[in-house]
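According to Swiss-Prot, the feature DNA-binding region maps to 187-253. The coiled coil annotation in Swiss-Prot covers 50-84. Taken from Swiss-Prot, the feature compositional bias 'Low complexity' applies to 102-114. Annotation comment: Swiss-Prot describes 126-136, 275-286 as compositional bias 'Pro residues'. Annotation comment: Swiss-Prot describes 91-141, 246-287 as region 'Disordered'. The region 'Transcription repression of gibberellic acid (GA)-induced promoters' annotation in Swiss-Prot covers 267-348 and is backed by similarity to another entry. Taken from Swiss-Prot, the feature motif 'Nuclear localization signal' covers 116-122, and the record attributes it to sequence analysis.
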Amino acid sequence: MDPWISTQPSLSLDLRVGLPATAAVAMVKPKVLVEEDFFHQQPLKKDPEVAALEAELKRMGAENRQLSEMLAAVAAKYEALQSQFSDMVTASANNGGGGGNNQSSTSEGGSVSPSRKRKSESLDDSPPPPPPPHPHAAPHHMHVMPGAAAAGYADQTECTSGEPCKRIREECKPKISKLYVHADPSDLSLVVKDGYQWRKYGQKVTKDNPCPRAYFRCSFAPACPVKKKVQRSAEDNTILVATYEGEHNHGQPPPPLQSAAQNSDGSGKSAGKPPHAPAAAPPAPVVPHRQHEPVVVNGEQQAAAASEMIRRNLAEQMAMTLTRDPSFKAALVTALSGRILELSPTKD
């Protein structure tokens with residue numbers, strides 16, 4: 001081996017040309033391997049509010065699922081009932097009778113309960129409802145419009161035996177009748193004297209008529225459902241149109257006694273005459289006493305009937321007022337229980 005080769009310090013090629021030794025050492029950094037356990041990390045701590053919101057969200061989700069299931073069940077039942085109803089209507093329309101309706105529905109496989117059969121038969125055999133009553137004690141200048149009452153009665157009775165549901169809907173509608181009364185245009189009271197007692201509970205102006213409309217309710221009996229609307233006609237201001245809704249559940253109030261009216265008329269006439277008028281007045285006719293007895297009896301009967309009606313209505317109003325009071329119920333229960341304990345036999 002040549003001596004110049006052995007004396008050569010190194011054959012490595014160093015690319016760090018012109019750099020100091022300290023800089024070269026600084027550039028070399030040790031590599032550190034960090035192992036992280038992603039599967040066994042500790043869970044993060046949740047905020048109590050977030051946990052409460054998550055629990056509430058889960059509860060609402062479960063409740064929504066239950067409601068969805070209930071809604072689906074109700075919808076299925078509704079569809080089944082609707083299909084049964086359509087089958088019954090179709091069968092009744094084809095046969096045109098109550099008996100045919102029941103036979104066809106059972107022959108097609110549908111089950112009809114006996115109560116439903118009895119209900120349909122009673123609806124088919126029931127007589128038509130009576131026409132709405134008209135006030136009989138109205139003055140001679142009142143005129144009942146026959147068209148409205150006849151139309152309402154025709155609408156209620158125009159129903160075939162194969163459509164019981166339509167008949168039920170028609171019977172549920174209140175009976176409507178109209179009454180036309182001539183009145184003074186300057187009178188703003190909107191009062192129609194038809195023989196009944198009314199209580200006004202409202203008044204307003206409608207779009208189709210500049211005259212106001214007054215609303216009344218029958219006050220003769222506490223449970224009477226009849227209502228009345230009074231308004232002047234848009235074409236003629238001298239006519240009052242009274243619209244009645246419903247039917248009275250009581251008799252007509254008795255009219256005032258004729259004898260009292262005659263006495264008041266006689267006293268008014270005698271008071272309005274001049275001083276020389278009594279000399280020219282005709283003498284009173286001589287009538288046997290027996291002819292006056294029926295008049296007195298009729299007046300007494302009317303007064304007794306009126307007092308009995310007023311007494312009965314007052315008792316009904318008092319009973320309704322007492323039954324609505326909870327303290328009265330408690331007192332009644334206490335009194336009855338005490339009376340029962342007093343009457344019950346005591347054991348020695």
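Cβ coordinates come from backbone N, Cα and C, glycine included.
If you average pLDDT over the DNA-binding region (187-253) in this model, you get 88.
Residue counts for the DNA-binding region (187-253) by DSSP state, with H, G and I taken as helix and E and B as strand, are 0 helix, 28 strand, 39 coil.
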